[in-house]
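According to Swiss-Prot, the features are:
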- 169, 170, 171, 172, 173, 174, 175, 176: ATP binding site (BINDING)
- 373: site 'Required for activity' (SITE)
């Protein structure tokens, strides 16, 4: 078969017309060095600060240093097989994590990937890990309580929904225990919880997850994990990921509680990244923006007003305020609260619960030091009955501390001083509480009422805990309706006062402790 020139030219024109060229513009770069999880890239002219950079093998790095002739990026995950000359691409996206109710009851890593072996995570979409905190106009004052279940905290250092309350102390003083008990106490409160574990041993985290499951609190909690064996980048980003997951509930008119355990390790991970990126070191070798590291995280914990929620949900949720309450944990060295990171976080938060190793070792647990622990905004949120009955507790403890110091040097004490010392010791004993045993508002009120109204005066110090246990058992058995009424209303009036007095009088008459 012979084709003439006209047919050939027509065929060529037809093929040219059918030829479809798809052009894609990629912003590509080349790795010029790999060192301790930090890669230097040449050629990414249009990269953004914080942008995800696609690496070979379905991995990502985050651009942190934008320099004149190169980009410094931190690899999220293993980097041993990365080498000079490899090609990388800009993605045009910043880091996002899955958010939604499907994450409740799950254990995930910094990127929101499940690590509990329960299959894929169901989510309602993705949210950027770095978000701007709500402005002043979008906020509402804190006036609803978060009950931790600890008498000493709820009575003297109350926490409100939308507050940032620092938990600070040396290692092994019960910081994590306090935070975990606060999460366990939210089982029936409707508050969703997020627990962020940074730089801890995997065995410790597994134990925490098991305890949450045992006490029925895991179904209400998201656990975000960046263990000590993971890269500094994942440890640095874990609190931001957890915060994004908590903000999902805040922005939809619900209440959430987030625990950062702990921010000291996050600061150390960020210091490591900054030094490897050759950023100039400052005090304690931390970079200059370590304050901003924590302030931009903790400012996202807030109580937002109904207008903000309605606007965010496009009118789907009306008349509801949302909140995200933060309990950041900081570990001190030998009780030094004036170190760089502790002072930073103290100045950012709305108060601190200071746990002392000397109190912990003396058997006073939770080891709260009421002298330097404070809640700056929680007073307005405190339950009415607890607020009324706890007024004299802090004063009694402060006087007891002062007199106890002087009584070591004085041989003979007058009756009034001896009485104050005795009352202070009994209040200290009454505020002791076992782990994983949070108390309801009614139970706390009953204990505080007994101390406030002098029912402990004729009880021996060694018998105070037995007295309280027997009192609560008696109240549950004989006056369950009164406890239920106090738990539901949280109010305090002459009628409730009379009922509490009658309850304690009848219990004292039984002498059964």
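Residue numbering: from 1, along the chain as shown.
Note that Cβ sites are derived from N, Cα and C of the backbone, with glycine treated the same way.
Residue 172 (ATP binding site) has a Cβ environment of 12 other Cβ atoms inside 10 Å. Working note on the recorded positions 173, 176, 373: by count of other C-beta atoms within 10 Å of each C-beta, 173 ranks first. Under the three-state DSSP scheme, residue 169 (ATP binding site) falls in the strand class.
Looking only at the binding-site residues 169, 174, the densest Cβ neighbourhood within 10 Å occurs at 169. Excluding the listed site residues 169, 170, 171, 172, 173, 174, 175, 176, the same chain places 331, 355, 357, 360, 367 with Cβ atoms within 8 Å of the centre of the ATP site Cβ atoms.
Cα to Cα, residue 173 (ATP binding site) and residue 373 (site 'Required for activity') are separated by 15 Å. In the structure shown, the C-beta of 175 has more C-beta neighbours within 10 angstroms than that of any other entry among the binding-site residues 171, 175. Sequence-distant contacts of residue 170 (ATP binding site), defined as residues of its own chain at least six apart whose C-beta falls under 8 angstroms from its C-beta, comprise 331, 332, 333, 334, 335, 355, 356, 357. Cα-Cα distance from residue 176 (ATP binding site) to residue 373 (site 'Required for activity'): 17 Å (rounded to the nearest whole number). Secondary structure from DSSP puts residue 174 (ATP binding site) in coil.
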